[in-house]
Amino acid sequence: MSPSKGGIRYAESVTREEVEALACLMTLKCAVVEVPYGGAKGGVAINRGDYSPAEVERITRRFTTELHRRHLIGPDVDVPAPDFGTTAGDMAHIKDTYMQLEGQSVFGAACVTGKPVGQGGIRGREEATGLGVYFGIREFLSNKAVAAGAGLPTPWSVAASTFAIQGLGNVGYWAAHFIAKNGGRVTAVGERDGTVLDAAGVDVEALKAHLVAHKSVAGFTNGDSPSLVLVADPAAVLAADVDVLIPAALEGAITSANAHVVRAKVVAEAANGPVTAAADDVLTARGITVLPDLVLNAGGVLVSYFEVSKALAGLRFGRLTQRAEEAAMENLLSTLQNHGITITDRDRRRLVIGADERAHVYSGLEDGMCAACGETVKVAAEKGISLRIAAYYTAVSRVANALGSRGLWP
Ligand SMILES: NC(=O)C1=CN([C@@H]2O[C@H](COP(=O)(O)OP(=O)(O)OC[C@H]3O[C@@H](n4cnc5c(N)ncnc54)[C@H](O)[C@@H]3O)[C@@H](O)[C@H]2O)C=CC1
Ligand SMILES: O=C(O)CCC(=O)C(=O)O
């Protein structure tokens, strides 16, 4: 199925088999959130920390050139995006290289997503996967049967729950940011060189700033919190005593060898494939609910799809409608006022807001995540299967329907 979609990762451990498996997962992920793309993935086996920014740029541009020579990149072929170890800046270099090679095609910006906004990116893509993880956890656990099945209180609420996060990169940071913004307490964060534990709550913004500045959790004080504990073992986060554990680094974090240490009631797969099949069996046998990656981290590709649509239309979402929506609301409020209803300046400021690009993206993201979670829960209940199998069932059915109804010619 083409065009295809998926991220490019820079990780020393990346292998061809891993990329092939992740590409397959992307096909199904696109189907789950109704993104009309096939699946793809790319990888370069480097640890970017070993190279200067100029060297990483050269690697990125050479990699893009090789993709181009093999006809493996382009708006109607394959559209890469960021993944583990890659950034918006790398996507800008991919776009620029592609545009140089293609002779500045007007649709060139649609050759890659996750670009900086100034390079034709879309507002909201940077945080999309993490925000989608937040929406997904909220939607799954707001379902009474799912929450009760995990041994959580019903009704469940983010604000009354505790969270542990493995990996405070793009996905992990934004998931933590929106969880904290909505009142949830993040009490454990695991990074490359250690785990930060604080029952009173980890200040996610301060920890992120510390990691950016020092590339290490060492020396983090959490505002001199007396309950802070720093542990040198990055895997200690997996044993945190929380309601929801969010692995958001690499695949294979939870295996049959360590699944027994998990104390969370729910494992929310923000990363791709963080729970091995054998570990899934152990967690399920222990009554721990797994929210599957296929649905939970699909917000990234969904908003990437919005970014491609923006590039192909050559127009920012909301540009034609924002002011018109505000004028319509102004008219409505004035009419109400003429009929004797008092509208305060505060009401007016709150109500007269047309949807800008970010508002459009958040709306589409929330809608897509709610629909995918709802369908997954419905299929799981109807067929008496796990959420993961239900997500696969929906995705495989959609792909089969698309291929079957297309037929075969010549
Ligand atoms: N970026 C995206 O839009 C999407 C990413 N994903 C998946 O989410 C996962 C994370 O991706 P990103 O956040 O983009 O990568 P990233 O490179 O921005 O962040 C990864 C983070 O994990 C940390 N990390 C590495 N090894 C660790 C360990 N052993 N313990 C704890 N932390 C460790 C890194 O230091 C880094 O902060 C990957 O599995 C990726 O495939 C899935 C959907 C979309
Ligand atoms: O945004 C995209 O196109 C791809 C995101 C991705 O790599 C993933 O969902 O694993």
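Positions of Cβ are set from backbone N, Cα and C atoms, glycine also.
Whatever TrEMBL says is automated annotation, not expert-curated.
Bear in mind that the values here come from a model prediction, so they are computed numbers and not experimental data.
Taken from TrEMBL, the feature substrate binding site applies to K5, K29, S304. The active site, proton donor annotation in TrEMBL covers K41. Per TrEMBL, the feature site 'Important for catalysis' maps to D83. For T129, N170, the entry in TrEMBL reads NAD(+) binding site.
A straight line from the CA of D83 (site 'Important for catalysis') to the CA of S304 (substrate binding site) spans 12 Å. Filtering K29, K41, D83, T129, N170, S304 by Cβ distance to ligand 1 (under 6 A) retains the following recorded positions: D83, T129, N170. For N170 (NAD(+) binding site), the nearest neighbour among the listed recorded positions (K5, K29, K41, S304), judged by C-alpha distance, is S304.
Rounded to a whole value, the Cα-Cα separation of S304 (substrate binding site) and K41 (active site, proton donor) is 14 Å.
When Cβ atoms from all protein chains are considered, those within 10 Å of N170 (NAD(+) binding site) total 23, not counting its own. Other Cβ atoms within 10 Å of the Cβ of the residue listed as 'active site, proton donor', summed over all protein chains shown, number 25. Looking at T129 (NAD(+) binding site) and K29 (substrate binding site), their Cα atoms lie 13 Å from each other. Apart from K5, K29, S304, the substrate site neighbourhood in this chain, defined by C-beta within 8 angstroms of the site C-beta centre, holds G6, G7, M26, C30, V35, Y37, G39, A81, A298, G300, V301, L302, Y305. Highest local Cβ density among the binding-site residues T129, S304 belongs to T129, counted as other Cβ atoms within 10 Å over all protein chains shown. Proximity to ligand 2 at the level of Cβ atoms, with a cut-off under 6 angstroms, picks out K5 from the binding-site residues K5, T129, N170. Contacts of K5 (substrate binding site) defined by a Cβ separation under 8 A and a same-chain sequence distance of 6+ are given as M26, C30, V35, Y37, G38, G39, A40, D78, V79, A81, T113, V301, S304, Y305, in order along the sequence.
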